[in-house]
Amino acid sequence: MADQDPGGISPLQQMVASGAGAVVTSLFMTPLDVVKVRLQSQRPSVASELMPPSRLWSLSYAKLPSSLRSTGKCLLYCNGVLEPLYLCPNGARCATWFQDPTRFTGTMDAFVKIVRHEGTRTLWSGLPATLVMTVPATAAYFTAYDQLKAFLCGRALTSDLYAPMVAGALARLGTVTVISPLELVRTKLQAQHLSYRELGTCVRAAVAQGGWRSLWLGWGPTALRDVPFSALYWFNYELVKSWLSGLRPKDQTSVGISFVAGGISGMVAATLTLPFDVVKTQRQVALGAVEALRVMPLNTDSTWLLLRRILAESGTRGLFAGFLPRIIKAAPSCAIMISTYEFGKNFFQRLNREQLLSP
């Protein structure tokens, strides 16, 4: 097979192996991803950032029918895009029926409250979008990584030590650019539990307001999170895998070694890049605010300004919001993904050898 890589399998077989790993990983890890997104998206109401509360009330109250403008009447504004807005003309809580949106105090609290108030199925919200995004993206990413690493090492463009870092960064940069719109859709589904119709309205409004570039909202922080993550992950993975392989007999399977090396490398990379994950989540969750309130945002902060604002508002803890679910997700998901991928590659290697030996 002339198109096989040095590992003995073709790019198509690499894509099948990595795609299967993406499906298995998504099924196991989506609940943790949902909890992470919910924890990270907890912040002051988007409405309060767009304009002062007094102006927001005056604009909303002026549009009410006269029958609802009498003293003491309250309005619960909810269009499925933003969190409900509780509006009262005298500034008091004059209605006991209104309950504040659910707040989460931690990972286990989020799990319990999501299941109790929204049902178990909510933990897998956004799974279809996740699969549509992750299967082709992961297949392209892992295949590109292996091909780039072989190319760099084969032509001595970089040392074998740093080839995984360079190949991982380049492969992830291309993948992030292609899947950024689907990442935005998945984040909205998980964070605000929108129906697909509401999500479509939200996306169309954003495109009408900011053009097609709005679909790449969050590309900057996503790239800042994923490209360094990929570089760190593959660099550490190859080092840990090489070290562990030297401790075990060569005739033993490498899948277990890949599982351990992938988990350790994923945990380290996830910790170092978590602040950019928080920025990416908060920026993407804000999609739809303009459509819901019919107002223009005061400004669009850069990634670094958002980092400083989060640090000023919530301290270091805010930059590492969702730390536990991200680490709990990153370690096993990286371990499952890479070990499944290695298992698939081993399977195709054996299959190819048998085909070569068969008459």
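Every residue number used here counts from 1 along the chain in the order it is shown.
Every residue, even glycine, has its Cβ placed from backbone N, Cα and C.
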In Swiss-Prot, A163 and Q282 sharing a membrane side: no
For the topological domain 'Mitochondrial intermembrane' (143-164), distant same-chain residues with Cβ under 8 A (at least six beyond the ends): 5-7, 11, 14-15, 18, 170-171, 174-175, 230, 234-235, 237-238
Folded-back contacts onto the topological domain 'Mitochondrial intermembrane' (339-359), same chain, C-beta under 8 angstroms, at least six residues removed: 1, 4, 7-10, 13-14, 16-18, 20-21, 24-25, 142, 253-256, 258-259, 262
